[in-house]
């Protein structure tokens with residue numbers, strides 16, 4: 001298949017997904033299912049067409065995820081950070097860690113699977129997905145009491161870096177087992193480098209970019225989004241070159257730029273919301289293309305029970321542990337947040353990291369993660385509105 005035909009086909013699939021978006025929104029179906037469903041429908045096993053390129057899929061997914069996290073930072077106001085950083089920060093860090101450990105131990109002892117593999121699988125599916133959370137809250141037009149929606153959005157926008165750290169670290173540990181290269185010092189070094197470099201590069205480059213832009217005072221507002229896009233690329237590539245966590249850097253950079261530029265904020269907001277939709281649609285479609293439908297049937301029953309364990313046991317326990325310091329939070333709020341740990345395309349993108357590295361059983365993991373995501377979106381996504389009303393959390 002030539003590049004031209006491939007690009008044409010991808011454009012048609014994205015266009016079909018966009019045309020189906022409004023009817024699906026009316027029915028309350030998340031956009032993730034629409035775009036990924038389009039990729040699955042026209043992908044492997046149908047129309048004499050086969051797409052199997054883990055490297056390209058991982059690259060597109062990573063760049064799209066970087067853009068989504070950056071736009072999430074741009075749209076995060078300092079006011080919402082002040083409201084949600086305590087609870088949301090604990091959920092996005094310790095919540096991911098606790099969920100991974102609880103889920104991995106359950107998988108290990110119930111199914112007698114290798115503990116490291118279980119930890120890797122748990123890390124892949126541990127974070128909530130910003131695109132899925134934003135999409136469902138927006139489609140339902142839900143405003144929740146006790147800043148619950150703000151906390152959920154903050155958690156989902158900031159927990160990907162922690163999950164990514166764990167996935168990269170565990171993939172390295174598994175791949176270096178035979179070589180005997182894993183030790184506590186190297187693990188601590190990798191973690192420190194990822195966090196420190198990510199924070200430093202994101203904050204510093206964004207601050208310098210804002211100072212330069214505000215001092216020049218561009219009169220042509222159309223150039224401002226282009227300038228911010230260049231800043232996005234500088235932060236992403238510089239952090240990557242220095243071995244930092246790109247998602248941490250981009251989120252911090254997005255927050256600094258979004259709250260500090262003095263001109264063209266509305267133009268910037270509309271441009272990057274569109275760019276975020278483009279990133280999401282491309283990511284969902286190409287992930288749908290990469291999945292082999294015939295392989296999904298083979299892992300259906302193997303995936304179903306872990307999906308239930310994650311949503312019904314691991315996530316609720318992790319959230320309750322995270323809320324121990326926040327004893328004033330109502331039980332209704334805790335129960336709602338425990339029940340809503342929406343997954344999206346992010347876990348599938350993370351699952352491609354061990355797959356491209358050659359971890360044993362990683363392709364089965366990709367298909368299992370796909371089912372976990374479907375279960376989360378269909379079950380947890382459908383529960384948001386009725387559960388919020390039942391718990392009297394809807395702010396009328």
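For all residues, glycine too, the Cβ spot is worked out from N, Cα and C.
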From the ranges 33-53, 117-137, 138-158, grab the one TrEMBL calls transmembrane segment.
117-137
Of the ranges 185-208, 209-232, which one does TrEMBL flag as transmembrane segment?
185-208
If you count Cβ pairs under 8 Å, which stretch among 54-76, 185-208, 335-353, 365-384 touches the transmembrane segment (274-293) the most?
54-76
Can you tell me which parts of the same chain pack against the transmembrane segment (185-208), counting only residues 6+ beyond its ends and a CB-CB cutoff under 8 A?
161, 165, 168-169, 172-173, 231, 234-235, 238-239, 242-257, 260
Before we move on, state whether the transmembrane segment (335-353) and the transmembrane segment (54-76) share at least 3 Cβ pairs under 8 Å, counting only pairs 6 or more apart in sequence.
yes
Counting Cβ pairs under 8 Å to the transmembrane segment (299-323), which of 54-76, 88-111, 242-262 comes out on top?
88-111
